[in-house]
(Lines of atoms letter the chains of each structure in order from A and count residues from 1; the text may use other names and numbers.)
(Lines give C-alpha, C1' and ligand atoms only; values in the text may rest on other atoms or scores of the structure.)
Protein backbone atom coordinates (compact mmCIF):
# COMPACT_ATOMS: atom_id res chain seq x y z
CA UNK A 1 0.00 0.00 0.00
CA UNK A 2 1.23 3.50 -0.87
CA UNK A 3 2.06 6.16 1.70
CA UNK A 4 1.79 9.24 -0.51
CA UNK A 5 -1.41 11.27 -0.14
CA UNK A 6 -2.45 12.99 -3.38
CA UNK A 7 -5.55 15.08 -4.14
CA UNK A 8 -8.23 13.53 -6.36
CA UNK A 9 -8.61 16.79 -8.27
CA UNK A 10 -5.80 19.12 -9.30
CA UNK A 11 -4.70 21.46 -12.09
CA UNK A 12 -1.34 20.64 -13.69
CA UNK A 13 -1.19 24.13 -15.20
CA UNK A 14 -1.82 25.75 -11.83
CA UNK A 15 0.75 23.50 -10.18
CA UNK A 16 3.32 24.34 -12.86
CA UNK A 17 2.66 28.06 -12.40
CA UNK A 18 2.94 27.79 -8.62
CA UNK A 19 6.25 25.92 -8.90
CA UNK A 20 7.57 28.60 -11.26
CA UNK A 21 6.48 31.30 -8.82
CA UNK A 22 8.22 29.44 -5.99
CA UNK A 23 11.47 29.54 -7.97
CA UNK A 24 11.35 33.28 -8.66
CA UNK A 25 12.41 36.19 -6.49
CA UNK A 26 15.26 36.43 -4.00
CA UNK A 27 14.84 32.99 -2.55
CA UNK A 28 13.25 29.73 -3.55
CA UNK A 29 10.06 28.81 -1.69
CA UNK A 30 10.95 25.21 -0.93
CA UNK A 31 7.86 24.70 1.22
CA UNK A 32 5.60 25.49 -1.74
CA UNK A 33 7.48 23.04 -3.95
CA UNK A 34 7.20 20.30 -1.31
CA UNK A 35 3.50 20.97 -0.77
CA UNK A 36 2.91 20.40 -4.49
CA UNK A 37 5.32 17.72 -5.68
CA UNK A 38 5.39 15.86 -2.37
CA UNK A 39 1.66 15.23 -2.70
CA UNK A 40 1.24 14.30 -6.36
CA UNK A 41 1.13 10.77 -7.74
CA UNK A 42 3.00 9.55 -10.82
CA UNK A 43 0.24 10.43 -13.28
CA UNK A 44 -0.13 13.90 -11.77
CA UNK A 45 3.61 14.57 -11.80
CA UNK A 46 3.80 13.60 -15.47
CA UNK A 47 1.08 16.13 -16.31
CA UNK A 48 2.80 18.84 -14.24
CA UNK A 49 6.10 18.21 -16.01
CA UNK A 50 4.37 18.35 -19.40
CA UNK A 51 2.53 21.56 -18.49
CA UNK A 52 5.74 23.16 -17.25
CA UNK A 53 7.51 22.32 -20.51
CA UNK A 54 4.64 23.69 -22.60
CA UNK A 55 4.31 26.93 -20.64
CA UNK A 56 7.96 27.79 -19.95
CA UNK A 57 9.79 25.76 -22.63
CA UNK A 58 12.00 24.30 -19.93
CA UNK A 59 12.24 20.90 -18.29
CA UNK A 60 10.92 21.01 -14.75
CA UNK A 61 13.79 18.86 -13.54
CA UNK A 62 16.36 21.30 -14.94
CA UNK A 63 14.56 24.10 -13.11
CA UNK A 64 14.59 22.16 -9.84
CA UNK A 65 18.28 21.33 -10.21
CA UNK A 66 19.13 25.00 -10.69
CA UNK A 67 17.10 26.15 -7.68
CA UNK A 68 17.65 23.41 -5.11
CA UNK A 69 20.71 21.66 -3.72
CA UNK A 70 22.02 18.76 -1.70
CA UNK A 71 20.00 15.77 -0.62
CA UNK A 72 16.72 17.62 -1.10
CA UNK A 73 17.49 18.33 -4.76
CA UNK A 74 18.58 14.76 -5.42
CA UNK A 75 15.49 13.28 -3.75
CA UNK A 76 12.91 15.52 -5.40
CA UNK A 77 14.46 15.19 -8.88
CA UNK A 78 14.47 11.41 -8.47
CA UNK A 79 10.80 11.63 -7.52
CA UNK A 80 9.82 13.72 -10.57
CA UNK A 81 11.56 11.44 -13.08
CA UNK A 82 9.49 8.83 -14.90
CA UNK A 83 10.23 5.36 -13.43
CA UNK A 84 12.30 4.14 -16.43
CA UNK A 85 14.45 7.29 -16.32
CA UNK A 86 14.74 6.94 -12.56
CA UNK A 87 15.90 3.33 -12.77
CA UNK A 88 18.39 4.23 -15.49
CA UNK A 89 19.81 7.02 -13.34
CA UNK A 90 19.99 4.83 -10.24
CA UNK A 91 21.78 2.11 -12.19
CA UNK A 92 24.26 4.54 -13.68
CA UNK A 93 25.02 6.21 -10.35
CA UNK A 94 25.53 2.80 -8.75
CA UNK A 95 28.02 1.80 -11.46
CA UNK A 96 29.92 5.10 -11.31
CA UNK A 97 30.78 4.77 -7.62
CA UNK A 98 34.43 3.95 -6.83
CA UNK A 99 33.14 0.60 -5.58
CA UNK A 100 30.02 -0.13 -7.67
CA UNK A 101 26.87 -0.70 -5.62
CA UNK A 102 25.71 -3.94 -7.17
CA UNK A 103 22.74 -4.26 -4.83
CA UNK A 104 21.05 -1.35 -6.59
CA UNK A 105 21.20 -3.30 -9.86
CA UNK A 106 19.89 -6.38 -8.06
CA UNK A 107 16.93 -4.42 -6.65
CA UNK A 108 16.00 -3.05 -10.04
CA UNK A 109 16.30 -6.43 -11.77
CA UNK A 110 14.33 -8.28 -9.09
CA UNK A 111 11.58 -5.76 -8.35
CA UNK A 112 10.60 -4.61 -11.84
CA UNK A 113 8.25 -6.36 -14.22
CA UNK A 114 9.75 -7.55 -17.52
CA UNK A 115 8.12 -4.57 -19.26
CA UNK A 116 9.48 -2.12 -16.67
CA UNK A 117 12.97 -3.61 -16.92
CA UNK A 118 12.90 -3.32 -20.69
CA UNK A 119 11.77 0.31 -20.41
CA UNK A 120 14.61 1.03 -17.97
CA UNK A 121 17.16 -0.46 -20.37
CA UNK A 122 15.78 1.65 -23.20
CA UNK A 123 15.93 4.76 -21.03
CA UNK A 124 19.51 3.93 -20.07
CA UNK A 125 20.59 3.72 -23.70
CA UNK A 126 18.77 6.96 -24.50
CA UNK A 127 20.36 8.83 -21.59
CA UNK A 128 23.91 7.45 -21.74
CA UNK A 129 24.24 6.41 -25.41
CA UNK A 130 25.26 2.86 -24.56
CA UNK A 131 23.55 -0.09 -22.99
CA UNK A 132 23.29 -1.01 -19.34
CA UNK A 133 24.69 -4.44 -20.20
CA UNK A 134 27.77 -2.85 -21.79
CA UNK A 135 28.44 -0.71 -18.74
CA UNK A 136 27.95 -3.66 -16.42
CA UNK A 137 30.35 -5.77 -18.46
CA UNK A 138 32.98 -3.00 -18.40
CA UNK A 139 32.81 -2.58 -14.61
CA UNK A 140 32.64 -6.22 -13.52
CA UNK A 141 34.37 -9.55 -14.03
CA UNK A 142 33.69 -13.22 -13.44
CA UNK A 143 30.55 -14.53 -11.76
CA UNK A 144 29.26 -11.11 -10.67
CA UNK A 145 29.37 -9.96 -14.29
CA UNK A 146 27.52 -13.04 -15.52
CA UNK A 147 24.89 -12.77 -12.80
CA UNK A 148 24.11 -9.07 -13.22
CA UNK A 149 24.19 -9.01 -17.02
CA UNK A 150 21.88 -12.03 -17.11
CA UNK A 151 19.47 -10.54 -14.57
CA UNK A 152 19.09 -7.13 -16.22
CA UNK A 153 18.86 -8.49 -19.78
CA UNK A 154 16.40 -11.34 -19.21
CA UNK A 155 12.75 -10.99 -20.19
CA UNK A 156 11.15 -13.42 -17.75
CA UNK A 157 7.70 -14.92 -17.51
CA UNK A 158 5.75 -12.77 -15.08
CA UNK A 159 2.73 -14.96 -14.36
CA UNK A 160 1.69 -16.91 -11.26
CA UNK A 161 1.93 -20.45 -12.62
CA UNK A 162 4.35 -22.67 -10.66
CA UNK A 163 5.96 -25.96 -11.69
CA UNK A 164 6.50 -27.87 -8.42
CA UNK A 165 8.58 -30.63 -10.00
CA UNK A 166 10.87 -28.05 -11.55
CA UNK A 167 11.09 -26.25 -8.20
CA UNK A 168 12.29 -29.45 -6.54
CA UNK A 169 14.90 -30.26 -9.19
CA UNK A 170 16.26 -26.73 -9.30
CA UNK A 171 16.37 -26.51 -5.51
CA UNK A 172 18.76 -29.48 -5.72
CA UNK A 173 20.83 -27.70 -8.37
CA UNK A 174 21.16 -24.61 -6.18
CA UNK A 175 22.03 -26.75 -3.16
CA UNK A 176 24.82 -28.54 -5.03
CA UNK A 177 26.35 -25.32 -6.29
CA UNK A 178 26.08 -23.53 -2.94
CA UNK A 179 27.79 -26.42 -1.15
CA UNK A 180 30.58 -26.31 -3.70
CA UNK A 181 29.78 -29.57 -5.45
CA UNK A 182 29.52 -27.89 -8.85
CA UNK A 183 32.45 -26.63 -10.91
CA UNK A 184 30.95 -23.19 -11.53
CA UNK A 185 27.89 -21.05 -10.84
CA UNK A 186 26.34 -21.16 -14.30
CA UNK A 187 23.26 -23.10 -13.21
CA UNK A 188 22.56 -20.77 -10.28
CA UNK A 189 22.83 -17.78 -12.60
CA UNK A 190 20.55 -19.47 -15.13
CA UNK A 191 17.88 -20.18 -12.52
CA UNK A 192 17.99 -16.69 -10.99
CA UNK A 193 17.86 -14.94 -14.34
CA UNK A 194 15.22 -17.01 -16.15
CA UNK A 195 12.62 -18.09 -13.58
CA UNK A 196 9.67 -15.94 -12.59
CA UNK A 197 9.46 -14.47 -9.09
CA UNK A 198 6.69 -16.92 -8.20
CA UNK A 199 8.73 -19.88 -9.46
CA UNK A 200 11.82 -18.69 -7.60
CA UNK A 201 9.83 -18.37 -4.37
CA UNK A 202 8.68 -21.96 -4.85
CA UNK A 203 12.28 -23.07 -5.43
CA UNK A 204 13.46 -21.35 -2.25
CA UNK A 205 10.60 -22.89 -0.26
CA UNK A 206 11.40 -26.37 -1.59
CA UNK A 207 15.06 -25.80 -0.74
CA UNK A 208 14.18 -25.25 2.91
CA UNK A 209 11.70 -28.15 2.95
CA UNK A 210 14.25 -30.60 1.55
CA UNK A 211 17.45 -29.48 3.28
CA UNK A 212 16.12 -28.07 6.53
CA UNK A 213 17.73 -24.65 6.21
CA UNK A 214 17.10 -21.58 4.10
CA UNK A 215 19.18 -20.90 1.04
CA UNK A 216 20.31 -17.55 2.46
CA UNK A 217 21.63 -19.22 5.62
CA UNK A 218 23.61 -21.70 3.57
CA UNK A 219 25.09 -18.81 1.58
CA UNK A 220 26.27 -17.21 4.83
CA UNK A 221 28.63 -20.16 5.32
CA UNK A 222 30.71 -18.95 2.37
CA UNK A 223 33.36 -16.21 2.52
CA UNK A 224 31.85 -12.91 1.42
CA UNK A 225 32.62 -11.75 -2.10
CA UNK A 226 30.87 -9.53 -4.62
CA UNK A 227 29.07 -12.37 -6.34
CA UNK A 228 27.73 -14.02 -3.19
CA UNK A 229 26.75 -10.66 -1.72
CA UNK A 230 24.73 -9.84 -4.85
CA UNK A 231 23.26 -13.36 -4.91
CA UNK A 232 22.11 -13.09 -1.29
CA UNK A 233 20.57 -9.68 -2.00
CA UNK A 234 18.69 -11.06 -5.02
CA UNK A 235 17.31 -14.02 -3.07
CA UNK A 236 16.23 -11.85 -0.12
CA UNK A 237 14.62 -9.35 -2.46
CA UNK A 238 12.64 -12.07 -4.23
CA UNK A 239 11.70 -14.04 -1.09
CA UNK A 240 10.44 -11.13 0.98
CA UNK A 241 10.68 -7.64 -0.56
CA UNK A 242 9.12 -5.99 2.50
CA UNK A 243 11.74 -7.44 4.84
CA UNK A 244 14.50 -6.65 2.36
CA UNK A 245 13.57 -2.97 2.07
CA UNK A 246 13.01 -2.58 5.81
CA UNK A 247 16.57 -3.80 6.35
CA UNK A 248 17.94 -1.45 3.68
CA UNK A 249 16.22 1.45 5.46
CA UNK A 250 17.55 0.37 8.85
CA UNK A 251 21.09 0.12 7.51
CA UNK A 252 20.80 3.48 5.75
CA UNK A 253 19.79 5.22 8.96
CA UNK A 254 21.93 3.29 11.46
CA UNK A 255 25.24 3.72 9.64
CA UNK A 256 27.81 6.27 10.81
CA UNK A 257 26.41 9.12 8.76
CA UNK A 258 23.08 8.49 7.10
CA UNK A 259 23.23 6.76 3.71
CA UNK A 260 20.99 9.24 1.91
CA UNK A 261 21.33 7.47 -1.44
CA UNK A 262 19.76 4.29 -0.05
CA UNK A 263 17.18 6.24 1.95
CA UNK A 264 16.11 8.21 -1.13
CA UNK A 265 16.04 5.13 -3.32
CA UNK A 266 13.73 3.11 -1.11
CA UNK A 267 11.33 5.89 -0.16
CA UNK A 268 11.06 7.34 -3.67
CA UNK A 269 10.67 4.01 -5.48
CA UNK A 270 8.27 2.42 -2.96
CA UNK A 271 6.13 5.40 -1.82
CA UNK A 272 3.48 4.64 -4.45
CA UNK A 273 3.70 0.86 -4.08
CA UNK A 274 4.24 -0.87 -0.74
CA UNK A 275 5.90 1.61 1.60
CA UNK A 276 3.10 1.27 4.16
CA UNK A 277 3.99 -2.42 4.59
CA UNK A 278 7.69 -1.60 4.73
CA UNK A 279 7.24 1.09 7.39
CA UNK A 280 5.06 -1.26 9.43
CA UNK A 281 7.75 -3.94 9.48
CA UNK A 282 10.40 -1.30 10.17
CA UNK A 283 8.54 -0.31 13.32
CA UNK A 284 8.15 -3.92 14.48
CA UNK A 285 11.86 -4.63 14.03
CA UNK A 286 13.29 -1.38 15.39
CA UNK A 287 10.73 -0.21 18.00
CA UNK A 288 10.71 3.20 16.38
CA UNK A 289 8.69 4.44 13.43
CA UNK A 290 10.41 5.29 10.17
CA UNK A 291 8.91 8.78 10.44
CA UNK A 292 10.62 9.30 13.80
CA UNK A 293 13.92 7.90 12.55
CA UNK A 294 13.91 10.20 9.52
CA UNK A 295 12.93 13.21 11.61
CA UNK A 296 15.88 12.49 13.90
CA UNK A 297 18.53 11.74 11.27
CA UNK A 298 17.65 14.31 8.58
CA UNK A 299 16.86 18.01 8.61
CA UNK A 300 15.38 20.98 6.79
CA UNK A 301 13.67 20.73 3.44
CA UNK A 302 15.08 17.26 2.86
CA UNK A 303 13.37 15.98 6.01
CA UNK A 304 10.13 17.74 5.11
CA UNK A 305 10.10 16.20 1.63
CA UNK A 306 10.75 12.64 2.83
CA UNK A 307 8.03 13.00 5.45
CA UNK A 308 5.66 14.28 2.75
CA UNK A 309 6.23 11.07 0.80
CA UNK A 310 5.38 9.19 3.98
CA UNK A 311 2.01 10.96 4.09
CA UNK A 312 2.77 14.00 6.25
CA UNK A 313 2.68 17.73 5.56
CA UNK A 314 0.24 20.12 3.95
CA UNK A 315 -0.90 19.92 0.36
CA UNK A 316 -1.15 22.95 -1.90
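Cβ atoms here come from the backbone N, Cα and C positions, even for glycine.
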(request) Out of 67, 73, 85, which one does Swiss-Prot list together with 25, 27 for Ca(2+) 1? (result) 67
(request) Return the single residue from the recorded positions list (2, 253) that has the minimum number of other CB atoms within 10 Å. (result) 2
(request) Using C-alpha atoms only, work out the spacing between residue 25 (Ca(2+) 1 binding site) and residue 282 (phosphotyrosine) and round it to an integer in Å. (result) 41
(request) Could you check what DSSP calls residue 67 (Ca(2+) 1 binding site) once collapsed to helix, strand or coil? (result) helix
(message) Distance check, please: Cα of residue 2 (N-acetylalanine) against Cα of residue 128 (phosphotyrosine), rounded to an integer number of angstrom.
(response) 31
